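J.: Handing you this structure, nothing more for now.
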Amino acid sequence: MSRSKEVSPNLSQQKRGDVRSAGISGFSSPIYRGRLNHSASAELQEGYRILTGGQKANIISDKDLFKAIHSCGLHTSEEEVNDLLRVVHQDERTLGLEFPEFMMLMTKGIDEASIAEMRRPFSVLDKAKTGVITKKQFTELFVSSGEHSSAEELEELMLLAETSEELEVVDYNKLINELAILLNKM
C-alpha cells in the first residue's frame, strides 16, 4: 500500500476551491470535515482499492460505484448515481470517480448551503415558518419526492426530529440539524 503523501504530489499545488484543492495527507480545508490523519487516509485508500476490484485502477467506474451503493443497501437508480457524479465532477461527466474525487466525496462536510437545500421542501409546507410540519405532511413529502423509504425509516427520521406524539408534528429544523451532525461524523 502506498503512503498517502505519494497519492498525488501536485494536489496541494492546484487552485483553492477546486475539488482537488487540498493535499491528501493531513489536509484541512473549509470543505472537509477536519484534518485527515494517516490512518483515515489509509482506510480511504483501501476502500478505493476494494471498489476498483483490487486493481491499480485510476478510476472507479460508474457501474462499480452503482454496485457498491446497492451493496450497502441504498436503493438508488443509475440516474441518481450519475447525478452524484455530476455534482462531484462539477460538470456533466458521469464516467466514474478518480481518487481525489473519491476523497472529496467521502470527507466533505455538510455546509450551510446544503442545510438550506434540505430545508427548502419543508419550508414550502410550513407557510407560517414555525419549523414544524404535521406527521402526515412529513410522510407525504417523502412519498411525493420519490424516496423509497420504509415505514421504519420514516419513523427513525421522526425520532431524530423528536416528534411530539401529542401534537402530531415533526420539528424539521431539529431533524436537519441532527442529520447534519450525523453526516459530518461519518
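Including glycine, each Cβ sits where the backbone N, Cα and C put it.
Swiss-Prot feature annotations, pasted as is:
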type	residues	note
BINDING	Glu98	Ca(2+) 1 binding site
BINDING	Asp126, Thr130	Ca(2+) 2 binding site
DOMAIN	41-76	domain 'EF-hand 1'
DOMAIN	77-112	domain 'EF-hand 2'
DOMAIN	113-148	domain 'EF-hand 3'
DOMAIN	149-186	domain 'EF-hand 4'
REGION	1-23	region 'Disordered'
J.: Using DSSP, what's the helix, strand and coil tally for the domain 'EF-hand 2' (77-112)?
T.: 22 helix, 4 strand, 10 coil
J.: Including all protein chains shown, what's the count of other C-beta atoms within 10 A of the C-beta of Asp126 (Ca(2+) 2 binding site)?
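T.: 17, counting other Cβ atoms within 10 Å of Asp126 (Ca(2+) 2 binding site).
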J.: What's the number of neighbouring CB atoms sitting within 10 A of the CB on the residue listed as 'Ca(2+) 1 binding site'?
T.: 19
J.: Once the chains shown are all counted, how many other Cβ atoms turn up within 10 Å of the Cβ of Thr130 (Ca(2+) 2 binding site)?
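T.: Within a 10 Å radius of the Cβ of Thr130 (Ca(2+) 2 binding site) lie 11 other Cβ atoms.
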J.: Tell me, by DSSP, whether Thr130 (Ca(2+) 2 binding site) is helix, strand or coil?
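T.: The residue in question, Thr130 (Ca(2+) 2 binding site), is coil (DSSP, three-state).
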J.: State the non-local partners of the domain 'EF-hand 3' (113-148) in its own chain: residues 6+ outside its ends, Cβ under 8 Å from one of its Cβ atoms.
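T.: Sequence-remote neighbours of the domain 'EF-hand 3' (113-148) are 75, 154, 157-158, 163, 167-174, 176-177, 179-180.
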J.: Could you tell me the C-alpha distance between Asp126 (Ca(2+) 2 binding site) and the residue listed as 'Ca(2+) 1 binding site' in angstrom, no decimals?
T.: 41
J.: What's the CA to CA span in angstrom from Thr130 (Ca(2+) 2 binding site) over to the residue listed as 'Ca(2+) 1 binding site'?
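T.: Between the alpha carbons of Thr130 (Ca(2+) 2 binding site) and the residue listed as 'Ca(2+) 1 binding site' there are 43 Å.
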